[in-house]
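Per Swiss-Prot, transit peptide is recorded for 1-36. Annotated domain 'Thioredoxin' per Swiss-Prot: 72-189, in sequence order. The site 'Deprotonates C-terminal active site Cys' annotation in Swiss-Prot covers Asp106 and rests on similarity to another entry. If you look up Swiss-Prot, you'll see Cys112-Cys115 marked as disulfide bond. According to Swiss-Prot, the feature active site, nucleophile maps to Cys112, Cys115, an assignment based on similarity to another entry. Among the features that Swiss-Prot reports, site 'Contributes to redox potential value' is placed at Gly113, Pro114.
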Amino acid sequence: MAMAAAASLLPACAAPTLPGRAFRPRRNSTPTASLSCDGGSRGRGVGLGVILGGGRAQGVRRNAAAETYVPGSGKYIAPDYLVKKVTAKELEELVRGERKVPLIVDFYATWCGPCVLMAQDIEMLAVEYENNALFVKVDTDDEYELARDMQVRGLPTLYFFSPDQSKDALRTEGLIPIDMIRNIIDNEL
């Protein structure tokens with residue numbers, strides 16, 4: 001009875017995803033207000049995973065009907081979005097190649113709650129800056145070596161590359177407001 005009462009106090013996004021299954025909070029977790037996922041912990045007891053009651057943020061897949069399951073991988077692939085997922089080789093070509101617009105790279109993981117939240121903002125910015133910036137994303141689970149080489153320690157991590165290759169890239173880590181991303185694109189690059 002106490003478990004049902006505790007589950008009713010959780011936000012709607014923390015409700016059980018399977019019918020008939022009771023919500024069971026993790027015993028060894030300590031609630032945290034962090035909005036980033038530590039890259040080395042794979043979501044165990046960090047950030048929204050703890051707040052939402054488990055190692056993985058529950059309810060991450062917003063529209064399961066629109067996604068395709070990849071057998072054997074345990075992953076769902078979303079339909080095409082404006083922000084293209086790139087490989088290490090493709091990213092290297094984009095960074096080293098000549099661009100007339102800034103390049104924004106989102107390092108994310110499918111199990112990272114803050115990454116899912118930021119992905120929505122990144123998609124909106126891709127529409128807003130359609131001809132004035134290029135947005136791409138890198139799945140750190142698929143491109144582990146690249147993430148390590150780029151020193152991605154927490155998720156989400158954004159890199160901002162100026163079209164002027166003499167300027168250093170800017171980096172942010174964790175969930176940041178959409179206005180801060182706009183400010184970096186408009187004023188820093």
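Using N, Cα and C of the backbone, Cβ positions are placed for all residues, glycine too.
Looking only at the domain 'Thioredoxin' (72-189), the predicted model's pLDDT averages out at 92. Looking only at the recorded sites Gly113, Pro114, the densest Cβ neighbourhood within 10 Å occurs at Gly113. The domain 'Thioredoxin' (72-189): residue composition by secondary structure is 42 helix, 28 strand, 48 coil, according to DSSP. Measuring Cα to Cα from Asp106 (site 'Deprotonates C-terminal active site Cys'), the recorded positions that fall within 10 Å are Cys115, out of Cys112, Gly113, Pro114, Cys115. A sphere of 10 angstroms centred on the C-beta of Cys112 (disulfide bond) encloses 31 other C-beta atoms. Around the Cβ of Cys115 (disulfide bond), a 10 Å sphere holds 28 further Cβ atoms from the protein chains shown.
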